[in-house]
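Here it is: the structure, laid out below.
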Amino acid sequence: MSSPHGIEEDDLEKGSNSSVERDVLKPLRPTTSHHVVSSHVIDPANRLPIEYRTMSIHVDTMEQQMRDAKRVPKAGNVKDLSALDWHKISVVEAVRRLSVSPQSGLDAAQCARRLATDGKNVISPPPSHLFMRILGWIFGGFGSLLLAAAIVCFIAWKPLGDPPQASNLALAVVLLLVIVIQAVFNAWQSISTSRVMASIQSLLPASVTVLRDGSQKAVPAAELVVGDLVMISMGMKIPADLRIIDGAGLRFDRAILTGESEPISGTVDKTDENILETKNIALQGTHCVAGSGVGLVIQTGDNTVFGRIAMLSANSQASLTTLQRELLRFVVIIASLASAVAILIVILWAAWLRRSFPSYINVPNLLIDVVSVMVAFIPEGLPVAVTISLAKVASSLSKHKVLCKSLSIVETLGAVNVLCSDKTGTLTKNQMHVEDCAVFDQTYTAPSFKSRVQAESGTNAAENLAQLAAVGAICNAASFGAATSEKEERPVIGDATDTAILKFSDSISSADETHGSWTDVFKISFSSKTKFMLKLSKLSSFATGRPAPLASWDNVEQDCYLLTSKGAPEVLLPRCQYVINPAGGQPLLLTSVQTARIAQVQEHWASQGRRVLLLARRVIPSALIPAKVKVDDFEFEEAINELHTGLIIVGLVALIDPLKDDIIETVKVCRGAGIRFLVVTGDHPATSVAIASQAGIISNPSTIHHAKDLNAKLPVEQVLKYDYPDKDGRALKSIVITGPELAEISETQMYQLVQYDEIVFARTTPEQKLTIVKAFQKQLNVVAMTGDGVNDAPSLKAADIGIAMGSGSDVAREAADMVLLDSFSSIVVALEYGRLVYDNLKKTVLYLLPAGSFSELMPVVLNILIGVPQMLSLTSSQMIIICVATDVLPALSLCLEKPEQGLLLRKPRNVHTDRLANWRLLLHAYGFLGVLESLCAMTMSFWYLQRQGVPFSELVLGFGNWPSLTAEDLNRAQSVYFVTLVVMQWGNLLSTRCRRLSIFQHKPSGNWYIFPAMACALAIAAFFSYIPFFQSTFLTRGVPVEFYFIPVTFGIALLVLDELRKLCVRTYPRSFIAWLAW
């Protein structure tokens, strides 16, 4: 039997007889290192869920998804991460639990049994579901209806045909061809929507060095088993989840999982309760960038953290975009109508025609009538038009430096009504510079501070003032690069904040000289979690005297250390005990009064949109620094953190990150389009409000609300809901709320919060960004999230559409649905195209329905109801020619229409009420355009037969008794109907391309594609009508020349009538006709 950890009972017995004590865990070192190569690649379509790449986020969410996952790994159900305790137990307990000797490792028999039980150490490839995808391409949309119609045609041909009619066979073949064409376009769109930027590569090294049978040996990574002792060396990729049992100077790069740019140290003991954050666990897929050590394999294959994430991605079901939901709804409507009419025809035939006119319609002809209904209702050209339209829009957006990772996601942007934007790098340039500084409560501009230091040179005041520049240069992750020429300014390598402070410090005194006096010993990098940076330094051998920031009053001993720190004032102030005296001399004891004066400076600068950082330092005697603990060990970091108190404040700096040049206009356009533009940032609330005010996101900062203004006792039904345009005088206008406040508010207060028009979320954490997105989605908003940082990735994926900046992190770009490769203002172009593609698809549907649906249905209905010759006006083959051939090119030309005036001045589409094919559009298509086209086409057909000596009176109510009608006359009359519809569609095309505007306001010259499309439609109709092969196959015929020109007048009349309707809508917007307008 296997233990809960996959270990055999005899292994446990063997381990229990072993004397495993901590003193026998002798350090083991790898003797070789092995290069890492790619051994397996996960399908890009099943990408790594980015929300779990920031490992401290959503452990509970990850566990919940694992509980909900249906796919079970081969080793059994995956445990919750919270149940894993490998990082909490001692090394002795870990090796005892896995029955492994730390001196000899596992033996061959143990390895064989465990490999047979747990399987190989590989990530199970996700199922491709290719067969199901192919079925979806074929039967998706209208495919299932068309296939059913084709089967019915085959049955009508044989065995029911007596004799079999070739036209029925031809119709079945044509329907199958249509299905194939639709499947090809569906496949193209499906392949195009795969997320090409997401992939998981190089999961495992090819081989690793392990300790087995008392000796080190190289084994394939896939054959690792739980309990193996792996030799960790610099440069190797971790092959499985390891518990570190011994190590020296280990550092791991976790960027593939967490996005963290800084490597973290590896320790033997636990540093965090969270297994994803503790440093004594080396996770599969991460790199060892420094040091060496030994790791105990605790999880392999699908059971590793990496494997669990891959499993979640394989099980995740992509939700439908708004466009896909609309198309599905349209398919359901059309299928329901077609089925209802077909059933009605069968009922009429069975209850009435079969008894009253038994020789009129036999079973094969009835089946063809049913097929004709299906063919008539289904706009077969729609899938082609939709796919090509979306591909054209995506191509156009790429020219504007907008990358769409999904074709159908473009339309979602057009429905967005809430846009959550990060501040730094999105609204601002991320090009900071120090604007102001302060020593205690004396404030200076950057140039005036430099002048003051120079003016006070040689005095005690200068000694104190210069410490600000020195600490800014030492506690800094940026560095100067080499200039390519003497005149060129030296480049700075580092992030925007450190770069700005380094340049400021260098302008006061040489940063290189300051650096040269100190040697870095240890540092803690800035993170959004700690909000400070710390550096421990020691005087270098080149230092002379007391280099800055040391002062004459410092109690300095030989080999002392300097601790410098910079970060958010509210974080560092509690750690400070003194503040530099700008007048010179000993530092001042920090009292509550002095703390308030410093905080006042901070608030003043923050209200002006500046980012404020506090700089502090402390001289630490060497006796307080642990001598026997290695710098890379966690114990050393803990010791330094304990010494990170009693600091002396050397000053404050205020940095300005200017707005991007186009951001004010971008915000103006977005807000004019009815989109709530929200700021979600980790910055100080006053800074965030100031930047939002400058950008036009906050209208009046003086009247802004805060968390205390949210009434916890106010009933939800009494809250005034937000609606665009916002009502004047509505109390819920502007609000700023911080992350800690957001965590404390009730559900009622959250409901009030999301009703505000202008919102700034400050000091938010990544978890809260997700909470914000979901809170707005809960109120049926369509939410877009922009961002460029690692911390933005979870919310980018959770939003309806995630928009990443091209200059942002790889993690954010992979999580997003859309990437802005250039300017942020390109989001306006994407927004316009998102609305345009939906408008143009509505026009396409409206164009296809009258001739491609209603006018094709009427002949079938009249054949049943008034007994005119079967398919008098149109054959099923001609219906398909109209839908798939003659109508497709004009429909595609509509997809290329430019926006009508005011496209970005109307409110966003309500995805729950504003449908692609609502009752108004169907009424206009069937009740207005369809009726006109059907009446005109039937009139032309009956007129042609009248001229051939077959009067209408002989045809109506004939029910099969038409003595004067010949097959040739019938075929030619059907072709007249066919040509009339094709020509009248010209008028439909010219009228449908404008929803509200006149043809003289939205001129056809704006889209020259419509004219070649019209000509091609007529040419295709003529091609099928005059080629002998098609005449014999589809029963088409050439028509007299007058039947080409008379329909032109009908098309013009249709256009004039629609122009009058639009004029009435524009002139009387509250009229009944305007209410009916589509």
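Note: Cβ is positioned from N, Cα and C throughout, glycine not excepted.
Copying in the features that TrEMBL gives for the protein in this structure:
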DOMAIN    85-158  domain 'Cation-transporting P-type ATPase N-terminal'
REGION    1-37  region 'Disordered'
TRANSMEM  134-157  transmembrane segment
TRANSMEM  169-188  transmembrane segment
TRANSMEM  327-350  transmembrane segment
TRANSMEM  370-391  transmembrane segment
TRANSMEM  845-866  transmembrane segment
TRANSMEM  917-945  transmembrane segment
TRANSMEM  1006-1029  transmembrane segment
TRANSMEM  1041-1060  transmembrane segment
May I ask for the residues of the chain that lie six or more residues beyond the transmembrane segment (1041-1060) and have a Cβ under 8 Å from a Cβ within it?
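Hits for the transmembrane segment (1041-1060): 928-929, 932-933, 936-937, 940, 944, 976, 979-980, 983-988, 990-991, 998-999, 1018.
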DSSP helix, strand and coil counts for the domain 'Cation-transporting P-type ATPase N-terminal' (85-158)?
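Split into helix, strand and coil, the domain 'Cation-transporting P-type ATPase N-terminal' (85-158) gives 43 helix, 3 strand, 28 coil.
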Does the transmembrane segment (370-391) come close to the transmembrane segment (169-188), meaning at least 3 CB pairs under 8 Å for residues 6 or more apart?
yes
Mark yes when the transmembrane segment (370-391) and the transmembrane segment (134-157) have three or more Cβ pairs under 8 Å (sequence separation 6 or more) and no when they do not.
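Since 3 or more Cβ pairs under 8 Å link them, the transmembrane segment (134-157) and the transmembrane segment (370-391) do come into contact.
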Mean pLDDT for the domain 'Cation-transporting P-type ATPase N-terminal' (85-158), as a whole number?
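Across the residues of the domain 'Cation-transporting P-type ATPase N-terminal' (85-158) the model's pLDDT averages 84 on the 0 to 100 scale.
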